[in-house]
Amino acid sequence: MTLEAIRYSTGKLVIIDQLQLPYVEKYIEVPTSKDAWHAIKKMRVRGAPAIAIVAALALASELHTLMAHDKLSNRAEEVRLFIQEKLDYLVSSRPTAVNLSDAARKLAAHVSDHAEMPNSTGRAVAEAFIQAAEEMLAKDLKDNTNIGKYGAEWIIRNALAGGRSKATILTHCNTGSLATSGYGTALGVIRALASKNALAYAYCTETRPYNQGSRLTAYELVHENLPATLVTDSMVAALLAKAEAAVDAIVVGADRVAANGDTANKIGTYALAVLAKFHGVKFLVAAPLTTIDRSTKSGADIVIEERPASEVTTIKGAVETESSCDRIKLETVRIAAEGIHVWNPAFDVTPSALIDAIITERGVVERGTDGRYNFDGIFEDHSAF
């Protein structure tokens, strides 16, 4: 059974607290945009698609509560301004992930259209927002399934060597059910391969310093009983050089893809792409169209979020003794010398020249004969939500 990171019914949003994983599966309510901002900032929820959905649904829940208690203005323009203010606030929680700003822009335009309608009311504007946010949730799940399908098909056609019928895949960070509405992007490709009986093995990186790979991706792989092994980030070169490992492709997600294909993703992705190029391993990015930002010309224009030094100098985990592992008692311990300076960018940018293909819900985009990515065709008739 696939994990549920997001549980939603109209007026109530609940998310799994990813800071407690993999030790405790605890769900917390996110009733307001303020709660969503803190959940995103503290990384109780993470993954570009997931944070956009949580932000939208938290504001939808807040609007529903205000209407239920008759605390929402009946003036359409006042409600529109209220929504815009909340969306701007939510976007500030994680600036690198384009899905959040893209969703905010589309939702703001949607409610503006409704606010400008003749005889529009505050309730009508709020209800339009709620409906659009709920549609985002459903669409993301459908899109992820398609990403998995197209990615698996591409790998079977292009990445398998020696007549083999099953692929060995390495992935980075967490891009599964915990990072999306469900199924996942890069991890969704692994799921799709498994569903086709075309997955030989999966490797996931630890993903320092926040350990999303060891805490979350490994948790999902174990939860679904998929054949997998955890490696530290620094072991990947040795793994790719190991003939018996026979890694066919590295598949990663993305927080922002620029118009030229340069991709911002979890720190360490760039290094994986360089290693893949050297070892002749296919390097693929799996991301929905909402992650592709055609207004950003190249990776040089992407703002990279920097995280607190404590994420590098300390580590949190369950207390383990020789006889047992206490899954409830979590402790934070220091692992670096006090006084050392820390640089902790959350993301890096992989140049498009190192990326073999970008997998979307509309299909797989490869570089053209000029060696460049062009997304124009795949964006034709792309709807707002």
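Glycine is no exception: its Cβ is also placed from the backbone N, Cα and C atoms.
Residues or ranges marked as site 'Transition state stabilizer' by Swiss-Prot on the basis of sequence analysis: Cys173. Within 10 Å of the C-beta of Cys173 (site 'Transition state stabilizer') there are 29 other C-beta atoms, taking all protein chains into account. DSSP assigns Cys173 (site 'Transition state stabilizer') to coil, not to a helix or a strand.
Residue environment of Asp255 (active site, proton donor) contains 29 other Cβ atoms, counted within 10 Å of its Cβ in all protein chains. Mapped onto three states, the DSSP output places Asp255 (active site, proton donor) in coil. Swiss-Prot lists Asp255 with the feature active site, proton donor, giving sequence analysis as the kind of evidence.
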Asp255 (active site, proton donor) and Cys173 (site 'Transition state stabilizer'), distance between Cα atoms, whole Å: 11
